[in-house]
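As recorded in TrEMBL:
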DOMAIN    632-797  domain 'SSD'
SIGNAL    1-33  signal peptide
TRANSMEM  271-304  transmembrane segment
TRANSMEM  365-383  transmembrane segment
TRANSMEM  637-654  transmembrane segment
TRANSMEM  666-690  transmembrane segment
TRANSMEM  696-718  transmembrane segment
TRANSMEM  739-760  transmembrane segment
TRANSMEM  772-797  transmembrane segment
TRANSMEM  1110-1128  transmembrane segment
TRANSMEM  1135-1156  transmembrane segment
TRANSMEM  1162-1180  transmembrane segment
TRANSMEM  1201-1227  transmembrane segment
TRANSMEM  1239-1262  transmembrane segment
Amino acid sequence: MRRAKLAPTWGSCGLSLLLASLLLLLLPVQVFSQSCVWYGECAIASGDKRYNCEYNGPPVSLPKQGYDIVQELCPGFFFNNVSLCCDVQQLQTLKNNLELPLQFLSRCPSCFYNLINLFCELTCSPRQSEFLNVTQTEPYYDPAEKKNKTSITALQYYIGESFANAMYNACKDVEAPSSNIKALGLLCGKDAKDCNATNWIEYMFSKDNGQTPFNILPIFSDSSFQGMIPMNNATKGCNESTDDVTGPCSCQDCSLVCGPKPQPPRPPAPWLLLGLDAMYVIMWISYMGFLLVFFGVVFGVWCYRKRHFVSEYTPIDSNIAYSVNSRRDSGNVSWIERLGERFENGLRITFTSWGAFCVRNPRPVVLFSLVFIAMCCSGLMFIKVTTNPVDLWSAPSSQAHKEKEYFDTHFGPFFRTEQLIIQAPNTSVHIYSPYPSGADVPFGPPLDKEILHQVLDLQNAIENLTATYNNETVMLKDICLAPLAPYNNNCTILSLLNYFQNSHSVLDHFVGDEFFVYADYHTHLLYCVRAPASLNDTSQLHDPCLGTFGGPVFPWLAMGGYDNENYNNATALVITFPVNNYYNDTEKLMKALAWEKEFINFVRNYDNPNLTISFSTERSIEDEINRESKGDIRTVVISYAIMFLYISIALGQIKSARRFLVDSKISLGIAGILIVLSSVVCSLGIFSYFGIPLTLIVIEVIPFLVLAVGVDNIFIIVQTFQRDERLTGETLDKQIGRILGDVAPSIFLSSFSETVAFFLGTLSSMPAVRTFSLFAGMAVFIDFLLQTTCFVSLLGLDVKRQERNRLDILCCIKTDEETSSVEHSESVLFLFFKNIYAPSLLKDWVRPIVISVFVGVLSFSIAVVNKVEIGLDQSLSVPDDSYVIDYFNSLSKYLHAGPPVYFVLEGGHNYTTLEGQNMVCGGMGCNNNSLVQQVFDAAEINSYTRVGYAPSSWIDDYFDWVKPQSSCCRIYNTTEQFCNASVVNPSCVRCRPLTPEGKQRPQGEDFMQFLPMFLSDNPNPKCGKGGHAAYSSAVNLINNSSDIGATYFMTYHTVLKTPADFIDSMKKARIIANNITETMGIKEKNYRVFPYSMFYVFYEQYLTIVEDTILNLGVSLGSIFLVTMVLLGFEVWAAVVVSLTIAMILANMFGVMWLWGISLNAVSLVNLVMSCGISVEFCSHVTRAFTVSTKGSRTERAEEALSHMGSSVFSGITLTKFGGIVVLAFSKSQIFQVFYFRMYLAMVLLGATHGLIFLPVLLSYIGPSVNKAKARAAQERNKGTERERLLYF
């Protein structure tokens, strides 16, 4: 009835409707009745993929077995009778195809919401005909239904441009935590930075991606086009929630949530004055000011003297005038002067008596000395030498050492690294032209297929290397890192060849015909560098990229020498073999070392003219240092031989060729040297008794130091005796006793100052410095004891031999000469110092020049002291002919990623609560200042933080893995045991229900129930999120897997080339970790976040080395001041002058270090501490001679001190050391060349110039006044003798 009434109405309005229809055709929005373009699946397209069947009709009611899938995937269609343009099988196909995008994009719900909207509308929309246009079909006969059908083989999909852009914007920031890259890099067919809305959708709908069964051509428009209405559904921004259950995407996955990208702070502006370096300007002004004042005072004094006095050298008793510097022996003696004189007299009497005793009783003294030496040396039976670099450079109490112990205990020690860097010098760049279209792509020389085959042969040969240890065969598979063992025993090999499954056949795999190559290794490689974790390259090859060991090989680890992220331009291949480390299992460690030795021999002898190979192993540096040490034995022996020869000859005073063997002191010189070396050995033995291990620095440096100190003392004693004349009625023992009483206080002063300074050096936190100071202090002290006992006795015996005209060395043979006493004589060097050098240096016009030059050099040194580089270039630790040098050069030139860094969250954190999870994770709902997010933010400004990539986050991948929408987490419904995604079994069900509650993150017991399953799940094509390979060692499960202990989140530093880079990266990582600890609010609790990388333990020392240097040198100077003050008889001003001169030497050492490119590190700090000790030798003897001189003026006293002590110091230290040092320049060891030759040479030259040039001039200006008590005592003691004008030391 109602229909009959309507019919006339429609008929009467026909014209109106026709006009209206015409108008609607012109409008941008059309109104279509619900209509489909397909329904069901038809013919097989390829593999298990099918075409859809063409169907032009209304939507079909969905069977009830498809309701769950519609609710899961396309809840917007679940209403009324659920009439759709797809059947259950199409829905199932859609679900299967969305599994991979789901795993990577579902961490951002709004991104996945938009993406699934795109595919739901395509697959099932009841309005398909509005935006889908079938362009190509083919007939199909359905054998099941026995019907003729039509398969759709090509289609146009009209998509709103605004929808496409909104979908891309919601997804572009989403991270793939396990791959450290953007998720779109895995889903776009190209690098994420080159991906946009258009090419992303085009790639997803292209048949070439290997997933789509037929080509779907997307057409983008926001307005009606060619009679079609584009699909332009509402979208969700990444900062919007999709429903009441889920929140917006995380800051890590959505830049809109966290606001603008973090910006690095501006680098501190250089300190400038007048546009120049401030230190240069300040020191220049200071120096100019000093010169103005100094020369003004000098000129003023000169004019005053010119008017009132004749000369500085006027005799004290002159009737014309007197010296301005004269301190007459008049006036009261102060208590401090009396105390000083008594102390000085006590030392003199003690050493006089002791010297006489040693000469009278040489045999008991020498025997006792030998027994003492033997007892000390017996400790060498317990000697331990530290070669472990960690123990050498890191104190057990240091932060880095403790953190390393924590990491090794909870996650296992960091693996040993064997690495090859390979170039193809004879191969040129080749061009790859993609099919069917696309820009030409250049491929670097090592990416030539023939080269890759040769590299694979090399890699396979290394895998098959066999070594022998204890009659057992050791291969790489026995020691390598195999993360999926025992299910998959393939070794981890970080190599580009792992993209081809380390297989020649996969490398040769291609798809094409006689005319074109559609896909080959170029195609596969270009895909794998973007998606290294992919199990299907989505090209026509369908080969996996995931390594055979179950983990991804990141391109920045496998290739080098490319620009930006254009990996195809690589000029080097990097192959890394991680080997398990066994700190606590010597047997397994020795096997690894045996294999590494075989590896080194194999690669060194490997011959392929097409390949240039640089390589290194974990043991390489230690091996090369040992080779270097053995190789330099010859250099060191020659160095010491030259010093021995010089000492033996220089000690004697040969008057004629006939008396050469009588007057020579070869045997005494050798005995003196043996005493010096014995003191070193005694020091080693004593501390070996106490279990204190030796280091290479101790063995290499201390003999040099003690030789410098000891030989100087020998020359002072012997040359003083040679210049002395025996008094009437004086016996030999009394003469040597008297001489020892004169010189021993000076020797005691220098030796005790050095001993105290070195022992105080043990306060250093640096093991190398502490050990050196300990052994050096003891060696110097024992050397003093032996020289004032054993050597004095030997000197007495040698003088008796000489007096009896017996030959040196061959003491049984006697000459015919009748000379019965040893004549006193003055050496040529002594006469030169006395008659020429000292008077010339101390002339009125020379002294101001000396002061101005030395202060100028000091000013320059202070100006550059803050510019001395800190650190130790590791290439210096090996010989200059080492294969490791090539490796270091290649490392610096080609590598694009730095060492891995782990942000460790110590045990104690509660991961089972929502609050605890939000503090750590980086996905949806996580805090914007969570651990993962802060490391991610740091990677955004990697040029500042030196954190190169976003962290791999086990907790975020776990949340993606456990989602009920994913097919990853399944259990057998009967046993509740884990069921891998690749298993096809109807009894396998989701771990969690597909309910609003089930879609939430697991908490409490749920969290811990499924976590062990995640950590044991191997990645597979159905589920790429399995955590076994990536995270099995990242989570420390405790209490029978019922709780979580420590965990880590790994990323990589940027490329670190210089020591400054390494130091800065560690400093920045610690700042980040401390900030994470602060923001997590766990500072007050018993756990924290800390960064760990294997190099931190070596470079931590440089964070505090400036403070350590100031402390060590400051303490040394302070102790030298105090000891000098006391042992000089409480001469405070003399101690100030000595300390000032030594400080100048140290400052100038820094100037030399800057000029000569010597960095500040533990080795150079040891040398600086040693130079402090050697400087005492150069300064203290001259200063003491000055203080005890009774000459009238400061200039005369300085001249007398320089004349008598200068020659001994010059011949004892300067000449002795100079000969030995020059030989070190020819060492193959770069450490010897840089830190020993250069620093030792600077040490000796600066010490000699300051001690023998600057110090006497300084004393002539501002030296301490004569101690009246000492002067009177000397006059009284020598009254009526011929020694009134001799020097009293």
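Cβ coordinates come from backbone N, Cα and C, glycine included.
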(request) Kindly say whether the transmembrane segment (772-797) and the transmembrane segment (739-760) touch, using the definition of 3 or more Cβ pairs under 8 Å where each pair is 6 or more positions apart. (result) yes
(message) Could you check whether the transmembrane segment (696-718) and the transmembrane segment (1110-1128) come into contact, where contact means at least 3 Cβ pairs under 8 Å with the two residues of each pair 6 or more apart in sequence?
(response) no
(request) Take a look at 271-304, 365-383, 666-690, 739-760, 1110-1128 and tell me which one has the most Cβ pairs under 8 Å to the transmembrane segment (1135-1156). (result) 1110-1128
(message) Quick test of the contact rule: Cβ under 8 Å, at least six residues beyond the ends. What residues does that give for the transmembrane segment (739-760)?
(response) 344, 347-352, 354-355, 709, 712-713, 716-717, 720-721, 724, 773-774, 776-778, 780-781, 783-784, 787-788, 792, 1115-1117, 1119-1120, 1122-1124, 1127-1128, 1169, 1172-1173, 1176-1177, 1180-1181, 1184-1185, 1205, 1288-1289
(message) If we skip the immediate neighbours and take only residues 6+ beyond the ends of the transmembrane segment (271-304), which ones have a Cβ under 8 Å from one of its Cβ atoms?
(response) 324, 844, 848, 851-852, 855-856, 859-860, 862-864, 866-867
(request) Please work out the mean pLDDT for the residues of the domain 'SSD' (632-797). (result) 82
(message) Should anything in the same chain at least six residues away from the transmembrane segment (1239-1262) have a Cβ under 8 Å from its Cβ atoms, list it; otherwise answer none.
(response) 704, 838, 841-842, 846-847, 850-851, 854, 1133, 1137, 1140-1141, 1144-1145, 1148-1149, 1152-1153, 1156, 1158, 1164, 1167, 1170-1171, 1174-1175, 1177-1179, 1182-1183, 1186, 1194-1195, 1197-1199, 1201-1202, 1206, 1209-1210, 1213-1214, 1217-1218, 1221-1222, 1224
